[in-house]
Amino acid sequence: MAGKYSKEMNEKNASDKSNNQVEFRIAKLNQVWEKAIRMQLAPVRLSELHSDLKIQEKDELQWKKLKAEGMDEDGEREAKLRRNFNIILAKYGMDGKKDTRTLDSNRLKDHEVKIGDTFDDPKLDKLWNKARTSGKFSDEELQTLHREFQHHKDKIHEYNIVMDTVSRTEEIHKNVISPLEGDVKENVLHQKHTDLKQRMRDLNQGFERLRKITHEGYTDDSEFREPRVIELWEMAKRSNLSEDELDSLKEELRHFETKVEKHQHYQEQLELSHQKLKHVEALGDEDHIMRNKEKYNTLAEKAREMGYKMKKHLQDLTNKLSKNGLQHNEL
């Protein structure tokens, strides 16, 4: 591990590459980023990956500092970092496995909710069709509900990824020789099973929420519109926060929702810019291509910046809630 996490191996200088700018200070994260570009991930997915890698980089650099100060002696933080990294690889189809848990490459067409939209889950599809044909929702409410269904689909995808990593860890656990090493891995497995149980509880609670909204419609006292914010608010209401703390958190969540909406706006603009760039490139006008490419690159950078800020804020809010007896959500 000393070589893998050494400064020489992980903190690469930009001069190492003559033409390509090094995005990350950690070599393995750069390798993932370069592979994603070669794979030609959709612009929005690439932007999402960049944000996830930036957060992973921040956490790993923070861990290296703690490690140098003699902390994390039991290796718990290091194991968690490795687990999060493997989850990122699986999430974006870069773990070398054929991914049967497909995600849409582009989910920004919320304003174009189509009759044929499906969520790769029979229960979700049935519930969505019931909501769509119920006549209880305005067009705007239907778009909001569609985002909630899509978010739930993503949470199922994340659950399957974590379940897959647990299965692989169990296979490794069977081949353990050292009793001491076995104790360590037993503890890791216990943590992962605890995480899985919490995720399953979250999924069940999320589905119940969707079922209730489908049957009753949105109420006037609905606090938030964005699924991630709604999920955090539901978590907060189940915690042991006082009324004053809940009021304070509600205000912070309103600010966070604004940040989420702003990020979504930039993602939509990025996708539109990408489509226009492809159209212009097909026409072959070099000046026109250059202008559109500059606009696309500016939007891509802004979307990544907003994505990192939004995901970092989400991480901070989740960590804050986890201190009140709630399970931390790694993704």
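Yeah, the Cβs are placed from backbone N, Cα and C, and that goes for glycine too.
Note: TrEMBL annotation is automatic and uncurated.
Keep in mind that what you see is a predicted model, and the values were worked out from it rather than measured.
Positions annotated as coiled coil by TrEMBL: 239-266. Same-chain residues lying 6 or more positions outside the coiled coil (239-266) and placing a CB less than 8 Å from one of its CB atoms are 108, 223-226, 228-229, 232-233, 299, 302-303, 306-307, 309-310, 313-314, 317, 320-321, 324-326.
The compositional bias 'Basic and acidic residues' annotation in TrEMBL covers 1-15.
Model confidence over the domain 'Alpha-2-macroglobulin receptor-associated protein' (2-100) is summarised by a mean pLDDT of 79. Taken from TrEMBL, the feature domain 'Alpha-2-macroglobulin receptor-associated protein' covers 2-100.
Sequence annotations record features per position, and here TrEMBL assigns domain 'Alpha-2-macroglobulin RAP C-terminal' to 118-331.
Under the heading region 'Disordered', TrEMBL lists 1-20.
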